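Novice: Encoded as structure tokens, here's the structure I'll be asking about.
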Ligand SMILES: Nc1nc2c(ncn2[C@@H]2O[C@H](COP(=O)(O)OP(=O)(O)OP(=O)(O)O)[C@@H](O)[C@H]2O)c(=O)[nH]1
């Protein structure tokens with residue numbers, strides 16, 4: 001057994017300083033070469049303990065931390081959001097995390113997202129409140145520990161910083177975490193530590209690294225014990241083409257040992273297990289040698305966790321980023337089962353009806369599905385890979401079931417050209433964003449605004465009460481259609497409505513209304529227009545001087561009562577009452593008496609809705 005370095009990932013919003021922090025940590029360690037320097041891995045950087053001790057000065061002793069760990073192993077997060085969701089068996093690939101934020105900006109969408117991911121993967125983390133040197137009046141000293149640097153500041157500057165820290169404490173509290181500035185933490189087991197730093201000047205880095213080590217000692221004892229000669233386990237970061245080498249797999253090993261002649265198993269985008277034999281194991285060359293030889297990598301025969309390694313092997317085209325990687329030299333079936341059970345672990349509950357989800361890696365798919373689940377958004381299918389024509393067709397089938405599920409939520413994937421064409425022909429929505437949590441928000445906002453739009457459309461289609469009078473001596477045409485001069489006596493009348501007389505008989509449908517040669521779609525009280533009434537015959541269906549009412553169904557009547565009544569004018573209300581009287585006398589003595597709630601209308605399907613109108 002040996003203790004490996006804890007794997008640390010740096011998460012945070014765009015531009016809040018992830019790269020600068022990692023660069024600074026690397027930079028300071030390169031500078032302190034005599035202390036042993038760093039090991040550059042594929043996709044990661046390892047800082048040995050003696051280097052950390054030299055950066056942290058007396059802090060480690062002060063914290064009473066024994067030097068038991070080989071160092072800290074930082075995954076190179078920047079520019080690759082999917083890293084935030086890399087997983088290993090039973091949780092996140094990272095054992096520890098730094099949640100970094102710009103102290104002058106506080107929480108931003110990706111900060112919330114990172115926090116959610118840390119919460120759901122239960123990864124212990126430290127908050128780095130970065131860019132303290134940007135606080136107006138801050139007096140920087142390169143590489144200084146925060147505890148000393150803060151003594152060099154004017155009291156107003158310290159006050160400013162504290163205000164900002166307390167805002168972060170407040171937001172963390174709302175998100176379910178108790179936290180404090182590291183030097184005021186009373187209980188390390190229940191409070192998250194916040195370390196003010198500048199990734200730029202290096203201020204506060206000693207404390208940041210010390211706090212990480214503190215977390216490692218507190219939480220990670222067993223997790224870090226590995227068997228040095230056990231077959232390796234790892235997580236695939238990326239499959240990528242490398243000049244002269246073909247397809248290679250960048251992998252982080254978190255357990256065991258990988259040998260050059262090992263056979264390995266990984267998962268494909270289709271969740272199938274592939275088995276392949278390693279051709280070569282590569283690690284980065286030291287910087288000076290890269291300059292001389294221009295080749296970036298060197299061969300190695302064996303590599304022990306924790307480590308980042310580039311693997312050259314055939315048949316790896318379909319391997320998915322985030323896939324587990326395992327050595328399978330003898331008991332292939334067992335290893336295959338283990339891999340498949342990892343996929344099952346990503347518990348994706350699918351429904352008959354729901355949205356489609358696409359993501360680039362197993363980890364990001366899992367994170368996305370978890371967030372959608374927590375918001376009770378049903379998922380029809382969740383898959384890795386670009387959006388294909390088949391996805392668009394499947395989403396359009398869902399659209400037929402329910403408009404709000406005719407949707408694809410996609411993280412870090414592209415729309416294939418053939419799918420673009422199909423998409424143009426369909427009504428479905430594709431949501432794409434680099435922030436997982438933003439995708440869910442956008443989708444929910446869209447669903448809500450669609451509901452609002454539907455409601456507005458329903459309101460707009462309610463027929464309003466209105467009555468008209470056929471003016472004497474102004475019947476211009478007797479039939480097909482009958483055309484007469486009319487006066488609008490109440491309400492607003494729209495083209496297309498049906499008119500009835502005071503005996504409840506249908507007179508005809510308003511085909512058009514005209515005034516001074518102008519065609520009018522709707523006309524309001526007091527106007528006089530020439531009205532064409534289809535199917536009506538003068539002196540059979542209506543006479544000069546007749547008062548005619550706009551006809552409506554009983555449900556429309558209730559809809560007005562429930563939704564529009566306070567918007568009606570007195571004369572319109574009167575017209576409603578007159579219409580009700582006519583209906584009660586001619587159709588049903590209870591017409592318009594038993595009210596049905598409008599909200600029921602929201603649950604009507606299309607046919608019922610048509611019926612209603
Ligand atoms: N003043 C100051 N600027 C900083 C500090 N840390 C980072 N910056 C600047 O902020 C900008 C963004 O920093 P990055 O390190 O690239 O941020 P990032 O989080 O890696 O950004 P992405 O990789 O795009 O997500 C750069 O211009 C940095 O120089 C800091 O402590 N102080």
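Keep in mind that glycine also has a Cβ here, set from the backbone N, Cα and C atoms.
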Novice: Given 76-79, 80-83, 84-87, which one carries Swiss-Prot's region 'G3' label?
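Specialist: Of the candidate stretches, Swiss-Prot labels 76-79 as region 'G3'.
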Novice: Can you identify, from 27-31, 32-36, 37-41, 42-46, the stretch that Swiss-Prot calls region 'G2'?
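Specialist: Within the set 27-31, 32-36, 37-41, 42-46, Swiss-Prot attaches region 'G2' to 37-41.
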Novice: So which range, 130-133, 134-137, 138-141, 142-145, gets flagged region 'G4' in Swiss-Prot?
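Specialist: So the range that Swiss-Prot calls region 'G4' is 130-133.
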Novice: Match it up for me: which of 12-19, 52-59 does Swiss-Prot list as region 'G1'?
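Specialist: When 12-19, 52-59 are checked in Swiss-Prot, region 'G1' belongs to 12-19.
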Novice: Cβ under 8 Å to the region 'G4' (130-133), counting only same-chain residues 6 or more beyond its ends: which ones?
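Specialist: Same-chain contacts beyond the ends: 12, 16-17, 21, 100-104, 140, 146, 161, 196-201, 203-204.
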Novice: Let me check the 10 A CB neighbour count of residue 15 (GTP binding site). How many other CB atoms are there?
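Specialist: There are 12 of them.
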Novice: Which residues, given as numbers and ranges, are at least 6 beyond the ends of the region 'G1' (12-19) yet have a Cβ under 8 Å from it?
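Specialist: Sequence-distant neighbours of the region 'G1' (12-19): 77-79, 98-102, 105, 108-111, 114, 128, 130-131, 199-200.
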Novice: If you count Cβ atoms within 10 Å of the Cβ of residue 18 (GTP binding site), leaving out that atom itself, what do you get?
Specialist: 24
Novice: Filtering 15, 18, 132 (binding-site residues) by proximity to ligand 1: which pass a Cβ cutoff of under 6 Å to any of its atoms?
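Specialist: Close enough to ligand 1 are 15, 18.
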Novice: Long-range neighbours only, meaning 6 or more apart in sequence with Cβ under 8 Å: which ones does residue 12 (GTP binding site) have?
Specialist: 18, 98, 99, 100, 101, 110, 111, 114, 128, 130
Novice: From the DSSP assignment alone, can you count helix, strand and coil residues within the region 'G4' (130-133)?
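Specialist: Going by DSSP assignments, the region 'G4' (130-133) contains 2 helix, 1 strand, 1 coil.
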Novice: What mean pLDDT score does the region 'G2' (37-41) have in the model?
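Specialist: Across the region 'G2' (37-41), the average pLDDT comes out at 68.
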